[in-house]
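Below is one structure, written out as C-alpha coordinates, with a few remarks after it.
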Ligand code: LLP
(Lines of atoms letter the chains of each structure in order from A; the text may use other names.)
(Lines give C-alpha, C1' and ligand atoms only; values in the text may rest on other atoms or scores of the structure.)
Protein backbone atom coordinates (compact mmCIF):
# COMPACT_ATOMS: atom_id res chain seq x y z
CA UNK A 1 0.00 0.00 0.00
CA UNK A 2 1.15 3.50 -0.79
CA UNK A 3 1.53 5.98 2.00
CA UNK A 4 -0.73 9.01 2.10
CA UNK A 5 1.50 11.33 0.10
CA UNK A 6 2.18 8.79 -2.63
CA UNK A 7 -1.51 8.03 -2.86
CA UNK A 8 -2.86 11.54 -3.17
CA UNK A 9 -1.22 14.46 -4.85
CA UNK A 10 -3.98 16.70 -3.58
CA UNK A 11 -2.33 17.66 -0.31
CA UNK A 12 1.12 19.16 0.08
CA UNK A 13 3.35 17.06 2.34
CA UNK A 14 4.91 19.95 4.26
CA UNK A 15 1.52 21.56 4.88
CA UNK A 16 0.08 18.34 6.32
CA UNK A 17 3.16 17.66 8.44
CA UNK A 18 2.95 21.20 9.80
CA UNK A 19 -0.69 20.62 10.79
CA UNK A 20 0.18 17.32 12.46
CA UNK A 21 2.88 19.04 14.51
CA UNK A 22 0.46 21.67 15.70
CA UNK A 23 -2.68 19.64 16.45
CA UNK A 24 -3.21 16.42 18.28
CA UNK A 25 -6.25 14.22 18.11
CA UNK A 26 -8.40 13.63 15.06
CA UNK A 27 -8.85 16.53 12.62
CA UNK A 28 -10.91 17.24 9.54
CA UNK A 29 -8.96 18.90 6.73
CA UNK A 30 -10.37 20.48 3.55
CA UNK A 31 -8.52 21.55 0.44
CA UNK A 32 -9.87 24.72 -1.20
CA UNK A 33 -8.39 23.94 -4.64
CA UNK A 34 -10.51 20.83 -4.95
CA UNK A 35 -13.72 22.69 -4.11
CA UNK A 36 -12.90 25.26 -6.80
CA UNK A 37 -12.16 22.53 -9.32
CA UNK A 38 -15.46 20.79 -8.62
CA UNK A 39 -17.42 24.04 -8.94
CA UNK A 40 -15.77 24.63 -12.29
CA UNK A 41 -17.02 21.26 -13.55
CA UNK A 42 -20.62 22.42 -13.08
CA UNK A 43 -20.17 25.86 -14.60
CA UNK A 44 -22.70 25.19 -17.40
CA UNK A 45 -25.59 25.15 -14.94
CA UNK A 46 -27.13 28.61 -14.48
CA UNK A 47 -27.16 28.28 -10.71
CA UNK A 48 -25.21 26.02 -8.38
CA UNK A 49 -26.87 25.78 -4.99
CA UNK A 50 -24.72 24.12 -2.32
CA UNK A 51 -26.54 21.58 -0.12
CA UNK A 52 -24.87 22.75 3.08
CA UNK A 53 -26.01 19.70 5.05
CA UNK A 54 -22.99 17.98 3.52
CA UNK A 55 -20.53 20.44 5.09
CA UNK A 56 -22.01 23.31 7.00
CA UNK A 57 -18.98 25.09 8.49
CA UNK A 58 -19.60 28.84 8.20
CA UNK A 59 -16.15 29.40 6.68
CA UNK A 60 -16.84 26.85 3.95
CA UNK A 61 -20.18 28.58 3.34
CA UNK A 62 -18.46 31.98 3.11
CA UNK A 63 -16.03 30.52 0.63
CA UNK A 64 -18.91 29.13 -1.44
CA UNK A 65 -20.56 32.55 -1.53
CA UNK A 66 -17.34 34.14 -2.67
CA UNK A 67 -17.20 31.58 -5.46
CA UNK A 68 -20.71 32.63 -6.59
CA UNK A 69 -22.55 29.66 -5.21
CA UNK A 70 -26.06 29.93 -3.75
CA UNK A 71 -27.19 28.00 -0.72
CA UNK A 72 -29.78 25.47 0.38
CA UNK A 73 -30.89 25.35 4.01
CA UNK A 74 -33.00 22.59 5.52
CA UNK A 75 -33.42 23.72 9.13
CA UNK A 76 -33.57 26.90 11.15
CA UNK A 77 -29.96 26.18 12.15
CA UNK A 78 -28.82 25.96 8.54
CA UNK A 79 -30.81 29.07 7.72
CA UNK A 80 -29.04 30.96 10.48
CA UNK A 81 -25.66 29.66 9.30
CA UNK A 82 -26.42 30.87 5.76
CA UNK A 83 -27.33 34.36 7.00
CA UNK A 84 -24.27 34.52 9.27
CA UNK A 85 -22.07 33.45 6.34
CA UNK A 86 -23.37 36.47 4.43
CA UNK A 87 -25.94 34.93 2.07
CA UNK A 88 -28.75 37.38 1.36
CA UNK A 89 -32.43 36.57 0.96
CA UNK A 90 -32.48 38.65 -2.25
CA UNK A 91 -32.08 36.90 -5.61
CA UNK A 92 -33.05 33.64 -3.92
CA UNK A 93 -29.50 33.31 -2.61
CA UNK A 94 -30.99 31.16 0.13
CA UNK A 95 -33.73 28.60 -0.45
CA UNK A 96 -35.25 26.75 2.48
CA UNK A 97 -36.13 23.14 1.59
CA UNK A 98 -38.20 21.07 3.96
CA UNK A 99 -41.26 18.88 4.39
CA UNK A 100 -42.40 20.43 7.67
CA UNK A 101 -41.91 23.73 9.45
CA UNK A 102 -42.46 24.74 13.07
CA UNK A 103 -43.63 28.16 14.23
CA UNK A 104 -40.16 29.47 15.01
CA UNK A 105 -38.86 28.45 11.58
CA UNK A 106 -41.88 29.93 9.81
CA UNK A 107 -41.34 33.18 11.69
CA UNK A 108 -37.68 33.37 10.67
CA UNK A 109 -38.56 32.60 7.05
CA UNK A 110 -41.19 35.32 6.92
CA UNK A 111 -39.08 37.93 8.72
CA UNK A 112 -36.12 37.33 6.42
CA UNK A 113 -38.22 36.82 3.26
CA UNK A 114 -36.59 33.48 2.53
CA UNK A 115 -37.78 31.62 -0.55
CA UNK A 116 -39.24 28.24 0.40
CA UNK A 117 -39.05 24.93 -1.45
CA UNK A 118 -42.10 23.20 -0.02
CA UNK A 119 -42.16 19.42 0.31
CA UNK A 120 -45.71 19.17 1.65
CA UNK A 121 -49.15 20.67 1.11
CA UNK A 122 -49.40 21.71 4.74
CA UNK A 123 -46.27 23.84 4.38
CA UNK A 124 -48.00 25.74 1.59
CA UNK A 125 -51.08 26.26 3.79
CA UNK A 126 -48.92 27.54 6.67
CA UNK A 127 -46.95 29.90 4.46
CA UNK A 128 -50.03 31.09 2.58
CA UNK A 129 -51.90 31.89 5.79
CA UNK A 130 -49.13 33.95 7.35
CA UNK A 131 -47.30 35.21 4.27
CA UNK A 132 -49.56 35.41 1.22
CA UNK A 133 -47.64 36.05 -1.98
CA UNK A 134 -44.46 34.38 -0.61
CA UNK A 135 -41.94 33.13 -3.18
CA UNK A 136 -42.02 29.35 -3.37
CA UNK A 137 -40.78 26.31 -5.18
CA UNK A 138 -42.51 22.98 -4.93
CA UNK A 139 -40.54 19.82 -4.37
CA UNK A 140 -42.14 17.00 -6.30
CA UNK A 141 -41.76 13.33 -5.42
CA UNK A 142 -41.42 11.85 -8.91
CA UNK A 143 -42.77 8.51 -7.58
CA UNK A 144 -39.41 6.76 -7.93
CA UNK A 145 -36.00 7.29 -6.40
CA UNK A 146 -32.46 6.01 -6.23
CA UNK A 147 -29.62 6.18 -3.71
CA UNK A 148 -26.25 4.66 -2.80
CA UNK A 149 -28.19 3.14 0.10
CA UNK A 150 -31.91 2.75 0.90
CA UNK A 151 -31.41 5.48 3.52
CA UNK A 152 -30.37 8.02 0.89
CA UNK A 153 -33.13 7.26 -1.61
CA UNK A 154 -35.44 10.27 -1.52
CA UNK A 155 -38.11 9.41 -4.08
CA UNK A 156 -40.90 6.86 -4.41
CA UNK A 157 -43.34 5.40 -1.91
CA UNK A 158 -40.64 4.67 0.65
CA UNK A 159 -39.56 8.28 0.89
CA UNK A 160 -41.16 10.89 3.11
CA UNK A 161 -39.92 13.68 0.85
CA UNK A 162 -41.73 15.90 -1.61
CA UNK A 163 -45.29 16.35 -2.80
CA UNK A 164 -46.82 13.20 -4.26
CA UNK A 165 -49.71 14.89 -6.10
CA UNK A 166 -48.43 18.33 -7.06
CA UNK A 167 -51.71 19.18 -8.80
CA UNK A 168 -53.21 19.43 -5.28
CA UNK A 169 -50.73 22.22 -4.54
CA UNK A 170 -52.14 24.47 -7.26
CA UNK A 171 -55.46 25.40 -5.56
CA UNK A 172 -53.54 26.22 -2.34
CA UNK A 173 -51.06 28.34 -4.29
CA UNK A 174 -53.95 30.15 -5.98
CA UNK A 175 -55.91 30.62 -2.75
CA UNK A 176 -53.01 32.46 -1.10
CA UNK A 177 -51.57 33.97 -4.29
CA UNK A 178 -48.26 32.28 -3.48
CA UNK A 179 -45.61 33.11 -6.05
CA UNK A 180 -44.57 29.79 -7.59
CA UNK A 181 -41.15 30.29 -9.16
CA UNK A 182 -39.76 26.80 -9.56
CA UNK A 183 -40.11 23.04 -9.61
CA UNK A 184 -37.63 20.85 -7.76
CA UNK A 185 -36.85 17.13 -7.84
CA UNK A 186 -34.17 15.31 -5.88
CA UNK A 187 -34.40 11.53 -6.10
CA UNK A 188 -31.47 10.62 -3.88
CA UNK A 189 -27.73 10.58 -3.40
CA UNK A 190 -25.60 8.51 -5.75
CA UNK A 191 -27.71 8.84 -8.87
CA UNK A 192 -26.93 6.88 -12.04
CA UNK A 193 -27.66 7.89 -15.64
CA UNK A 194 -30.69 5.61 -16.09
CA UNK A 195 -32.43 7.22 -13.14
CA UNK A 196 -31.23 10.61 -14.22
CA UNK A 197 -32.90 10.32 -17.62
CA UNK A 198 -36.07 9.17 -15.88
CA UNK A 199 -36.07 12.15 -13.52
CA UNK A 200 -35.48 14.60 -16.39
CA UNK A 201 -38.49 13.12 -18.22
CA UNK A 202 -40.54 13.29 -15.02
CA UNK A 203 -39.65 16.98 -14.63
CA UNK A 204 -40.76 17.76 -18.18
CA UNK A 205 -44.01 15.82 -17.73
CA UNK A 206 -44.84 17.54 -14.46
CA UNK A 207 -43.98 21.03 -15.71
CA UNK A 208 -46.18 20.62 -18.78
CA UNK A 209 -48.98 18.87 -16.89
CA UNK A 210 -49.12 21.48 -14.09
CA UNK A 211 -48.77 24.19 -16.71
CA UNK A 212 -47.88 26.93 -14.21
CA UNK A 213 -45.44 29.45 -15.61
CA UNK A 214 -42.17 29.20 -13.65
CA UNK A 215 -38.68 30.71 -13.79
CA UNK A 216 -36.56 27.81 -12.53
CA UNK A 217 -36.23 24.06 -12.44
CA UNK A 218 -33.86 22.31 -10.04
CA UNK A 219 -32.10 19.05 -10.77
CA UNK A 220 -31.54 18.50 -7.05
CA UNK A 221 -28.22 17.05 -5.90
CA UNK A 222 -27.09 13.45 -5.68
CA UNK A 223 -24.10 13.55 -8.05
CA UNK A 224 -21.81 10.74 -6.97
CA UNK A 225 -18.07 10.88 -6.43
CA UNK A 226 -15.50 8.09 -6.82
CA UNK A 227 -15.05 6.74 -3.29
CA UNK A 228 -13.21 3.67 -4.61
CA UNK A 229 -10.28 3.98 -6.98
CA UNK A 230 -12.25 1.74 -9.36
CA UNK A 231 -15.33 4.03 -9.33
CA UNK A 232 -15.76 5.97 -12.54
CA UNK A 233 -16.23 9.71 -11.97
CA UNK A 234 -19.53 11.01 -13.31
CA UNK A 235 -19.51 12.78 -16.60
CA UNK A 236 -20.79 16.26 -15.80
CA UNK A 237 -21.16 17.01 -19.50
CA UNK A 238 -23.69 14.14 -19.84
CA UNK A 239 -25.38 15.25 -16.66
CA UNK A 240 -25.78 18.77 -18.00
CA UNK A 241 -26.90 17.65 -21.45
CA UNK A 242 -29.74 15.54 -20.06
CA UNK A 243 -30.97 18.36 -17.85
CA UNK A 244 -30.43 20.99 -20.49
CA UNK A 245 -32.65 19.05 -22.90
CA UNK A 246 -35.37 18.93 -20.26
CA UNK A 247 -34.96 22.64 -19.60
CA UNK A 248 -35.18 23.46 -23.30
CA UNK A 249 -38.48 21.60 -23.69
CA UNK A 250 -39.92 23.44 -20.69
CA UNK A 251 -38.55 26.81 -21.90
CA UNK A 252 -40.19 26.22 -25.27
CA UNK A 253 -43.49 25.39 -23.63
CA UNK A 254 -43.52 28.59 -21.57
CA UNK A 255 -41.94 30.63 -24.39
CA UNK A 256 -39.12 32.02 -22.23
CA UNK A 257 -35.84 30.77 -20.85
CA UNK A 258 -36.10 28.69 -17.69
CA UNK A 259 -33.06 28.84 -15.40
CA UNK A 260 -31.45 25.48 -14.66
CA UNK A 261 -30.32 24.93 -11.11
CA UNK A 262 -28.31 22.09 -9.55
CA UNK A 263 -28.06 21.41 -5.82
CA UNK A 264 -25.09 19.22 -4.99
CA UNK A 265 -23.52 18.69 -1.62
CA UNK A 266 -21.16 15.72 -1.90
CA UNK A 267 -19.93 16.54 -5.41
CA UNK A 268 -18.57 19.94 -4.36
CA UNK A 269 -16.88 19.04 -1.09
CA UNK A 270 -16.62 15.24 -0.74
CA UNK A 271 -13.22 14.84 -2.36
CA UNK A 272 -11.83 17.98 -0.75
CA UNK A 273 -11.78 16.47 2.72
CA UNK A 274 -9.76 13.99 4.75
CA UNK A 275 -9.99 12.85 8.36
CA UNK A 276 -6.64 12.36 10.06
CA UNK A 277 -6.64 10.00 13.02
CA UNK A 278 -3.95 8.34 15.09
CA UNK A 279 -3.42 4.65 15.79
CA UNK A 280 -3.53 4.00 19.53
CA UNK A 281 -3.66 0.21 19.68
CA UNK A 282 -3.08 -2.82 17.48
CA UNK A 283 -4.80 -5.67 19.29
CA UNK A 284 -5.06 -9.39 18.70
CA UNK A 285 -8.56 -10.74 19.40
CA UNK A 286 -8.73 -14.48 18.68
CA UNK A 287 -7.65 -14.82 15.06
CA UNK A 288 -8.34 -11.18 14.30
CA UNK A 289 -6.33 -7.99 14.59
CA UNK A 290 -8.14 -4.80 15.61
CA UNK A 291 -6.46 -1.48 14.90
CA UNK A 292 -7.92 1.14 17.22
CA UNK A 293 -7.80 4.81 16.30
CA UNK A 294 -8.76 7.98 18.16
CA UNK A 295 -11.83 8.86 16.03
CA UNK A 296 -15.14 7.14 16.66
CA UNK A 297 -18.44 6.94 14.84
CA UNK A 298 -19.55 9.98 16.80
CA UNK A 299 -16.98 11.85 14.69
CA UNK A 300 -17.39 9.99 11.42
CA UNK A 301 -20.64 8.16 10.99
CA UNK A 302 -20.93 7.12 7.33
CA UNK A 303 -19.14 3.75 7.54
CA UNK A 304 -21.28 2.69 10.51
CA UNK A 305 -24.59 4.05 9.27
CA UNK A 306 -24.38 2.97 5.63
CA UNK A 307 -21.39 0.62 5.45
CA UNK A 308 -19.78 3.32 3.31
CA UNK A 309 -16.33 2.70 1.92
CA UNK A 310 -13.60 5.29 2.38
CA UNK A 311 -10.07 4.78 1.16
CA UNK A 312 -7.53 4.58 3.96
CA UNK A 313 -3.85 5.45 3.92
CA UNK A 314 -1.06 5.82 6.44
CA UNK A 315 1.46 8.49 7.43
CA UNK A 316 4.17 6.71 9.43
CA UNK A 317 5.03 8.58 12.61
CA UNK A 318 8.76 7.95 12.17
CA UNK A 319 9.04 8.66 8.45
CA UNK A 320 9.88 4.99 7.74
CA UNK A 321 8.96 3.68 4.33
CA UNK A 322 6.05 1.28 4.22
CA UNK A 323 6.90 -2.15 2.83
CA UNK A 324 4.93 -2.83 -0.29
CA UNK A 325 5.06 -6.59 0.18
CA UNK A 326 4.29 -6.93 3.89
CA UNK A 327 0.66 -6.60 4.93
CA UNK A 328 -1.50 -7.25 7.91
CA UNK A 329 -5.21 -7.94 7.73
CA UNK A 330 -7.00 -5.78 10.22
CA UNK A 331 -10.32 -4.34 11.33
CA UNK A 332 -10.33 -0.59 12.06
CA UNK A 333 -12.19 0.40 15.23
CA UNK A 334 -12.60 3.57 17.24
CA UNK A 335 -12.58 4.47 20.94
CA UNK A 336 -16.33 4.35 21.63
CA UNK A 337 -17.78 1.99 24.18
CA UNK A 338 -19.88 0.19 21.56
CA UNK A 339 -18.86 -2.86 19.52
CA UNK A 340 -20.32 -1.33 16.35
CA UNK A 341 -17.72 1.44 16.46
CA UNK A 342 -15.94 -0.07 13.47
CA UNK A 343 -15.08 1.77 10.26
CA UNK A 344 -14.59 -1.35 8.19
CA UNK A 345 -18.00 -2.98 7.97
CA UNK A 346 -20.55 -3.62 5.26
CA UNK A 347 -24.07 -2.21 5.21
CA UNK A 348 -25.37 -5.17 7.23
CA UNK A 349 -22.85 -4.58 9.99
CA UNK A 350 -20.55 -7.48 9.04
CA UNK A 351 -16.99 -6.61 10.07
CA UNK A 352 -14.49 -6.49 7.23
CA UNK A 353 -10.75 -7.01 7.41
CA UNK A 354 -8.68 -4.71 5.25
CA UNK A 355 -5.05 -4.95 4.20
CA UNK A 356 -2.70 -2.41 5.71
CA UNK A 357 1.07 -2.23 5.57
CA UNK A 358 2.89 -3.03 8.80
CA UNK A 359 1.62 -0.24 10.98
CA UNK A 360 2.82 0.95 14.36
CA UNK A 361 1.12 2.57 17.31
CA UNK A 362 1.47 6.33 16.77
CA UNK A 363 1.13 6.18 12.96
CA UNK A 364 -1.54 8.38 11.40
CA UNK A 365 -4.44 6.69 9.65
CA UNK A 366 -6.24 8.85 7.10
CA UNK A 367 -9.74 8.44 5.70
CA UNK A 368 -10.13 9.93 2.24
CA UNK A 369 -13.07 11.74 0.67
CA UNK A 370 -14.64 12.76 3.98
CA UNK A 371 -15.46 16.35 3.02
CA UNK A 372 -19.17 15.60 2.62
CA UNK A 373 -21.28 14.20 5.47
CA UNK A 374 -18.17 13.83 7.62
CA UNK A 375 -18.02 16.60 10.15
CA UNK A 376 -21.62 17.68 9.53
CA UNK A 377 -22.93 14.33 10.81
CA UNK A 378 -20.78 14.21 13.97
CA UNK A 379 -22.36 13.89 17.40
CA UNK A 380 -21.31 14.11 21.04
CA UNK A 381 -21.95 10.41 21.81
CA UNK A 382 -19.81 9.12 24.68
CA UNK A 383 -19.55 12.81 25.69
CA UNK A 384 -16.87 13.39 23.09
CA UNK A 385 -16.38 17.01 22.00
CA UNK A 386 -16.51 17.95 18.30
CA UNK A 387 -13.08 17.89 16.67
CA UNK A 388 -11.31 20.75 14.81
CA UNK A 389 -11.68 21.58 11.14
CA UNK A 390 -8.92 23.10 9.00
CA UNK A 391 -9.18 24.63 5.55
CA UNK A 392 -6.07 24.69 3.36
CA UNK A 393 -6.09 27.56 0.87
CA UNK A 394 -3.08 28.42 -1.28
CA UNK A 395 -1.17 25.90 0.80
CA UNK A 396 -1.87 27.80 3.99
CA UNK A 397 -3.81 25.90 6.65
CA UNK A 398 -6.34 27.89 8.59
CA UNK A 399 -8.35 26.62 11.51
CA UNK A 400 -12.06 27.06 10.72
CA UNK A 401 -13.45 25.33 13.80
CA UNK A 402 -11.63 24.83 17.07
CA UNK A 403 -12.12 21.76 19.21
CA UNK A 404 -15.21 21.89 21.39
CA UNK A 405 -14.40 21.78 25.09
CA UNK A 406 -15.94 19.39 27.58
CA UNK A 407 -17.01 22.43 29.61
CA UNK A 408 -19.00 23.73 26.61
CA UNK A 409 -20.62 20.35 26.29
CA UNK A 410 -21.71 20.24 29.93
CA UNK A 411 -22.78 23.87 30.08
CA UNK A 412 -26.21 23.19 28.61
CA UNK A 413 -26.99 20.97 31.56
CA UNK A 414 -25.02 22.74 34.28
CA UNK A 415 -26.68 26.10 33.69
CA UNK A 416 -29.94 24.54 34.87
CA UNK A 417 -30.03 24.84 38.65
N1 LIG B 1 -30.90 18.37 -2.21
C2 LIG B 1 -31.73 17.74 -1.36
C3 LIG B 1 -33.14 18.13 -1.31
C4 LIG B 1 -31.25 16.71 -0.54
O5 LIG B 1 -32.08 16.08 0.28
C6 LIG B 1 -29.87 16.37 -0.59
C7 LIG B 1 -29.33 15.35 0.28
C8 LIG B 1 -29.04 17.08 -1.48
C9 LIG B 1 -29.59 18.07 -2.28
C10 LIG B 1 -27.58 16.82 -1.61
O11 LIG B 1 -27.29 15.50 -1.94
P12 LIG B 1 -25.79 15.13 -2.40
O13 LIG B 1 -25.49 15.92 -3.64
O14 LIG B 1 -24.88 15.54 -1.29
O15 LIG B 1 -25.79 13.65 -2.59
N16 LIG B 1 -25.79 11.39 4.77
C17 LIG B 1 -25.83 10.75 3.48
C18 LIG B 1 -26.41 11.64 2.42
C19 LIG B 1 -27.80 12.14 2.74
C20 LIG B 1 -28.28 13.13 1.74
C21 LIG B 1 -29.56 13.77 2.12
N22 LIG B 1 -30.02 14.73 1.17
C23 LIG B 1 -24.41 10.29 3.10
O24 LIG B 1 -23.50 10.42 3.93
O25 LIG B 1 -24.20 9.74 2.02
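Every residue, even glycine, has its Cβ placed from backbone N, Cα and C.
TrEMBL labels come from automatic prediction, so no person has curated them.
The model shown is predicted, which means the values in this text are computed figures rather than measured ones.
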Exercise. Among 239, 364, 373, which residue does TrEMBL annotate as binding substrate together with 266, 302, 306, 338?
Worked result: 373
Exercise. To which of 222, 307, 333 does TrEMBL also attribute binding of pyridoxal 5'-phosphate at the site defined by 263, 264, 265, 266, 373?
Worked result: 222
For this session: Take every residue in the domain 'Orn/DAP/Arg decarboxylase 2 N-terminal' (34-269), average their pLDDT values, and give the whole-number result.
Result: 95
Exercise. For the binding-site residues 222, 264, 265, which one has its C-beta crowded by the most other C-beta atoms within 10 angstroms?
Worked result: 222
Problem set entry | Proximal but sequence-remote residues of the same chain as residue 373 (pyridoxal 5'-phosphate binding site) (Cβ under 8 Å, at least 6 apart) | 53, 54, 55, 265, 266, 270, 301, 302
For this session: Write out the long-range same-chain contacts of residue 263 (pyridoxal 5'-phosphate binding site), meaning residues 6 or more apart in sequence whose Cβ is under 8 Å from its Cβ.
Result: 48, 49, 50, 51, 72, 184, 186, 218, 219, 220, 221
Exercise. Got a sec? Which of 222, 264, 266, 337, 338, the recorded positions, have CB under 6 Å of any ligand 1 atom?
Worked result: 222, 264, 266
